[in-house]
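> TrEMBL lists these features:
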DOMAIN    B:71-183  domain '3-dehydroquinate synthase N-terminal'
BINDING   B:Gly109, B:Val110, B:Ile111, B:Gly112, B:Asp113, B:Thr133, B:Ser134, B:Lys146, B:Lys155  NAD(+) binding site
DOMAIN    B:185-334  domain '3-dehydroquinate synthase C-terminal'
BINDING   B:Glu188, B:His250, B:His269  Zn(2+) binding site
Protein chains: 2
Amino acid sequence: MGKDVTVAVGLGERAYDILIGPGLIARAGAEISSRLPGIRTAIITDENVAPFHLEALKAGFEAAGIASSVVILPAGEKTKSFAALQEVVDAILAARLERGDAVIALGGGVIGDLAGFAAGIVRRGMSLIQMPTSLLAQVDSSVGGKTGINSARGKNLIGVFHQPKLVLADTAVLDTLPAREFRAGYAEIAKYGLIDQPDFFAWLEKNWQEVFSGGAARIEAIAQSCRAKADVVARDEFETSDRALLNLGHTFGHALEAAVAYDGARLVHGEGVAIGMALAHRFSVRMNLASPDDAERVEAHLKAVGLPWRMADIPGKLPDADALLAFITQDKKVSRGALTFILTQGVGQSFVARDVPPSQVLAFLKENHPG
Amino acid sequence: MGKDVTVAVGLGERAYDILIGPGLIARAGAEISSRLPGIRTAIITDENVAPFHLEALKAGFEAAGIASSVVILPAGEKTKSFAALQEVVDAILAARLERGDAVIALGGGVIGDLAGFAAGIVRRGMSLIQMPTSLLAQVDSSVGGKTGINSARGKNLIGVFHQPKLVLADTAVLDTLPAREFRAGYAEIAKYGLIDQPDFFAWLEKNWQEVFSGGAARIEAIAQSCRAKADVVARDEFETSDRALLNLGHTFGHALEAAVAYDGARLVHGEGVAIGMALAHRFSVRMNLASPDDAERVEAHLKAVGLPWRMADIPGKLPDADALLAFITQDKKVSRGALTFILTQGVGQSFVARDVPPSQVLAFLKENHPG
């Protein structure tokens, strides 16, 4: 087609390519058979995605001579469970797939996390191909090898690092996404600019409308996000240091998601990240690390694209500041009692702060709480 | 104490030490706190091991200021299940352990495999300390990072590679093992000599009685086994090539275990390996790879130590040769239809044969079947 952009993820023996372009689901059979000849597959997808994309994928697989079995799971976060994991693992074993055969994750972040985890533990690690169908999954969860399920004690507490052999991001599928979901995914795109790519953030401020409307700007924004994430992951695959930068906005964001009991009608993940990023900048101003201009610039961009940027933008009543702090200290990014936050010295100048005093966070939450 | 032997496992960033010596369970607290200061722990053990060793371990932990919670599981292979995995994972999360805290596997191969798997998936990988209490676990399953559970479709089909931070092999606990279990573990010791250490095999032929009676020869035999396994693992951590050598005797052995429906009264794992090793040598003679003298030497040693060495040594009736071949082709070491066996050119000269004709295996099984 010539339209695809390829992003190489440099992880030595575990290096892989991300292909980004329109129509990749229908062309997946051809792409996979040329790169991984002779493999058989198990396609893991959900009830929302299957009606739109499964037939096209299977037709391309058949044309390329790739055998496949299919597991269709209920859509939604509850599918990231031990029970669903066991179902997927058993289906892969029932299909008698071997280590070099591939699990195909066709769906959003939930399917990618679950199917990736299953691929990571069947026969102690099988090949995995990610085919993300949401913007969030295309720019975040399908890149970097994090997989997992939820525990009653918290999200994503159980999983493995398992890198895919190939990621196929079909940008045409994004045309059918609800506007709110697209916007939520866009928050993660903006995040990469805010972490360490000020030029990319400036480009987004100018070109965000074209990213939303589709075409070359969208593909470029997704590719640049994948490149940015791939760079961070290559520096720190197992999250012992720099990879934590990818959590910009996530400490506040996760606490807000927990505070609304993960009620997607009130707040979806990308929206939590958007508010979290704005708060991280505002908190950095309060800590005399960044200038108020930086925080205002971030808030203005989030507002422009239609994302929430402050706690008051969440419909309904929030728990008080003490309760929000409790959600933060329960987060898995807390290490040995010290609070770790991603703070910033300005747009594109984020850093990992490992010793933020809880008292400062509490005071900040009180000042910014909508009451 | 000065009595411990240390074997270093050279795996770069994942390198670790194996300490081998008497009384290490009681001294574990001191050893761990000096190497991994400040960690908290979850001790995973079973109903057979806990009454003998848990109190000594906990007393040492308390003296060293190491906090611990305890999970005691039913003993036996059935514990390598999704249900037990979920129980252990939940207990680790309930104890609020963080990534740098440690899961302690106190027990035989079942506990090591299960607790190691749990440590590999909680928070995408926590620290793990193996404290093997069986001879088999000390010389095999606690070294090399393989972890896992069983599926209804086969043993060890679900798991991860997760290297421990430390292995503490208390050789004094072996004094209380039943003689049959000690002998079964000894089969794996002999295996290392047969793979690629002819001098070690010759040493065992001379010194096996002292290995059985305890003391310095036992410690040396365990240490040499760990060194041998560590060498193979360091060359091929993820079992893409040479690591398969560790399966010497296991293809025949697994088939025999399956043929008796894993009835430990008839055949335990190490006994299956013993017969499997003798068969692998005899089969290599039949394929004109090794001399009959080599096969006889292996058979004589196994007989001398009281291990079974031929199919006729298994009490009760066995399935016929065709059925045994079917168990072999179902084994996970079958790759894309070709049969992979570890064959040998003589004592200590094993190699990976990836294209053994099933017809030859069938003919050999018929010739050696007790009828």
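Each residue, glycine too, has its Cβ placed from N, Cα and C.
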> Restricting the comparison to the binding-site residues B:Gly109, B:Ile111, B:Asp113, which residue's C-alpha is spatially nearest the C-alpha of B:His269 (Zn(2+) binding site)?
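In terms of Cα distance, B:His269 (Zn(2+) binding site) lies closest to B:Gly109.
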> According to DSSP, which of helix, strand or coil covers B:Ser134 (NAD(+) binding site)?
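Looking at the DSSP assignment, B:Ser134 (NAD(+) binding site) belongs to neither helix nor strand, so coil.
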> Neighbourhood of the Zn(2+) site (B:Glu188, B:His250, B:His269): other residues with Cβ within 8 Å of the Cβ centroid, in order?
B:Leu136, B:Asp140, B:Ala187, B:Lys191, B:Gly249, B:Gly253, B:Gly270, B:Gly272, B:Val273, B:Gly276
> For the domain '3-dehydroquinate synthase C-terminal' (B:185-334), what's the mean pLDDT in this predicted model?
94
> Between the Cα atoms of B:Lys155 (NAD(+) binding site) and B:His250 (Zn(2+) binding site), what distance do you get, rounded to the nearest Å?
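About 13 Å separates the two Cα atoms.
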> Give me the count of other Cβ atoms within 10 A of the Cβ belonging to B:Asp113 (NAD(+) binding site).
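A count of 26.
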> Is B:Lys155 (NAD(+) binding site) helix, strand or coil when read with DSSP?
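B:Lys155 (NAD(+) binding site) sits in a strand per DSSP.
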> Would you please pick out, from the binding-site residues B:Lys155, B:His250, B:His269, the one with the fewest other Cβ atoms within 10 Å of its Cβ?
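Checked B:Lys155, B:His250, B:His269; of these binding-site residues, fewest Cβ neighbours within 10 Å: B:Lys155.
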> Only counting partners 6 or more residues apart, tell me which same-chain residues put their Cβ under 8 Å from the Cβ of B:Gly109 (NAD(+) binding site).
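Same-chain residues close to B:Gly109 (NAD(+) binding site) (Cβ under 8 Å, separated by 6 or more) are B:Pro132, B:Ser134, B:Leu136, B:Ala137, B:Asp140, B:Ser141, B:His269.
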> Counting across all protein chains shown, how many other Cβ atoms sit within 10 Å of the Cβ of B:Ile111 (NAD(+) binding site)?
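Around the Cβ of B:Ile111 (NAD(+) binding site), 32 other Cβ atoms lie within 10 Å.
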> Sort the residues of the domain '3-dehydroquinate synthase C-terminal' (B:185-334) into helix, strand and coil with DSSP and give the three counts.
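Taking the domain '3-dehydroquinate synthase C-terminal' (B:185-334) as a whole: 109 helix, 0 strand, 41 coil.
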> Please list residues from the chain of B:Glu188 (Zn(2+) binding site) whose Cβ is under 8 angstroms from its Cβ, counting only those at least six apart in sequence.
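The answer is B:Leu135, B:Leu136, B:Val139, B:Asp140, B:Ser225, B:Gly270, B:Val273.
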> Would you kindly give the Cα-Cα distance separating B:His250 (Zn(2+) binding site) and B:Ile111 (NAD(+) binding site), rounded to the nearest Å?
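Counting only the Cα atoms, the answer is 21 Å.
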> If you run through the domain '3-dehydroquinate synthase N-terminal' (B:71-183) with DSSP, how many residues end up as helix, strand and coil?
47 helix, 31 strand, 35 coil
> Give me the count of other Cβ atoms within 10 A of the Cβ belonging to B:Ser134 (NAD(+) binding site).
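I get 26 for this one.
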